[in-house]
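Undergrad: From Swiss-Prot, here are the annotated features:
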type   : residues : note
DOMAIN : 20-97    : domain 'GIY-YIG'
DOMAIN : 207-242  : domain 'UVR'
Amino acid sequence: MTMELTGNELIKSKLIDIPERSGVYRMFDANKQVIYVGKAKNLKKRLTNYIKTDLDTKTLRMVANTCSLEYSITNSEVEALLLEAQLIKKFQPKFNILLKDDKSFPFIKLRLDHDFPQLLKYRGRALNDGKFFGPFASATEVNTTLSELQKIFKLRSCTDNYFNSRTRPCLQYEIKRCYAPCVGKINKKDYAELVGQVKDFLQGRSKELQENLSKKMEELSEQMRFEEAAEIRDRIKALSYVQLKAGITDIVKDADIIAIVEKNGHYCVEVFLYRIGQACGNIPYFPTSTENSTKEEVLKHFLLQFYQKQQVPPGIIINHEIDDKDNIIEAIRNINDFAKLSITIPASGGKLKLVQNAQENALFSLEQYLKKFAKNQELMFEVKELFNLPEIPERIEVYDNSHIQGKFAVGVMIVAGKSGFDKKEYRVFSLSSRDSITGSSKSTNNDSISCFLDTVDKPRYDTKGDDYEMLRQVLTRRLTRLKQEPHRLPSLMIIDGGKGHLGIVKEVMNKLQMDIPFVCMSKGPDRNAGLEQFHMVGREVFTLNKNLPLMKYLQILRDEAHNFAIKNHRLSRSRAIKVSSLDEIEGIGDTRKKALLHYFGSYKAVSDATLDELSKVKGISKSLAKMIFNALHKN
């Protein structure tokens, strides 16, 4: 039996067949996971570098872990850049420089498919079916802007169903935040004029808008329509205030200002967004796997990964030179199908000041990040020592569940590591129960956490409100998935539970032939915080001093999982209650349920309706209306 070649011996054996062409290569470990993706102008020359003896520590580790190698030939270097960026995004190899937080930026969307359009927050790349303004650096920026615009222009903010169901103005009209087009308090022409003013403001034509409003105010005053003139005056004042807060500049119109800084081998890339001369916020990024990398390498990889997800402005202004700039510009243009793009480094003037400001912000962000990182590193070492782990943990998974006597049961998993919580890795498990509503429990929340129902094919069990059965179900599904995703194996699993839960974890691990360090964390005799007990295989139950930083850290992990479980349980319960409140009424099938929802716009509106209002719905007789009313008000 011959030994399989690995490391530089493997690469040496492949070199004879590798062409001197541009392309992309992929290195795989023993688990057949992609650990590195690279591009090359000349594949043979690039891969020959890996058999040299003077490689840095990171590259030596990478080569030593390489058990197989694949490559793809491309027609050009630009094509190689594009393919490399796509594969890095797909496989997230551990030795590549990675942009972990790649959420798309939010926009403000003005709907164009309704007689009375509304402004909405929108996140995504498909900018169609409306007029879009942005991007903004955070949801907070969008929410603040929407709130200000709502006060100034009073456009509607309700859903179409709610809009169609109104017979009288809602609270938004009473507090002067909406003109109530739903009940005819404003006509289409006047509303369209307001929509035009919103467009002018969001497109940067504030000066012209204020001039037009001033003229209109004078006309209304001359016509003795003083109340309407006062409203226009207040709008002009509010617009001036918002414009002052926005920080309008004539130095740049549409551009991203990007600054990279480095300290102790860690990098921060700060991005400032400017659209129509207005600052739309800034956000710091901390690329990973940057060991032994240069600023130039990190910035280049950042640009290629960042603009796979984000909208590209005509100008990108950076603080550090990059080689191969023309190819990078071409690659970004190809990703976004964008005709015009420049990447520049200012030498003087206002643009240089903007870059310097971005650089100062990046330094501050990096210092804060390093303080947090150092604290987490110290805690990770203490976790290793406390639980006798073979190495400092890279990934900790914490499990909990939530239910009411077995109903609406959900299990959750949260993930933490040296850089804090990794919310993209959070998972929600919808659990089977005879009385609970099951199905997908994909969660959305204010932090835009990326979590989803685990989709492994698995046997379903009836949990019957049994915590142990719920844990068995969650772990069976999770560990089955981990067999397919060994790169996601945790260094430690923490389960909210005690001695009984310990037995369940052992049982599932043995059944699936898995061996992952785990600990069960219970509240202690009186279920008081600070008296937690830890249960491990082969060790006596032990506690920690409640004032230790490590104890506080473990409590934070447990509480994060607990809160996440409760949140998703409430979502599951809310969805189920909405459905069952109508479904349980005799004589209400899908057709009548849809008729009620179409007429009133929401479940709450159905619940709030009077007997007379219910009987006006097509297909609902007076006797059925009475049954519905009594059923919805029985408590």
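Going from the start of the chain as shown, residues are counted 1 onward.
Each Cβ is built from the backbone N, Cα and C atoms, and glycine gets one as well.
Remember, predicted model here, so these are calculated numbers, not experimental data.
Could you place these features in context, so I can see how deep they sit and what lies close by?
TA: Taking the domain 'GIY-YIG' (20-97) as a whole, pLDDT averages 90 in the prediction.
Note on the domain 'UVR' (207-242): residues 148, 151-153, 197, 200-201 of its chain, located 6 or more positions outside it, place their CB under 8 angstroms from a CB of the stretch.
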Undergrad: Report the DSSP secondary-structure composition of the domain 'UVR' (207-242) as helix, strand and coil residue counts.
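TA: The composition, in the requested order, is 33 helix, 0 strand, 3 coil.
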Undergrad: Taking DSSP states H, G and I as helix and E and B as strand, how many residues of the domain 'GIY-YIG' (20-97) are helix, strand and coil?
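TA: Its residues divide into 32 helix, 19 strand, 27 coil.
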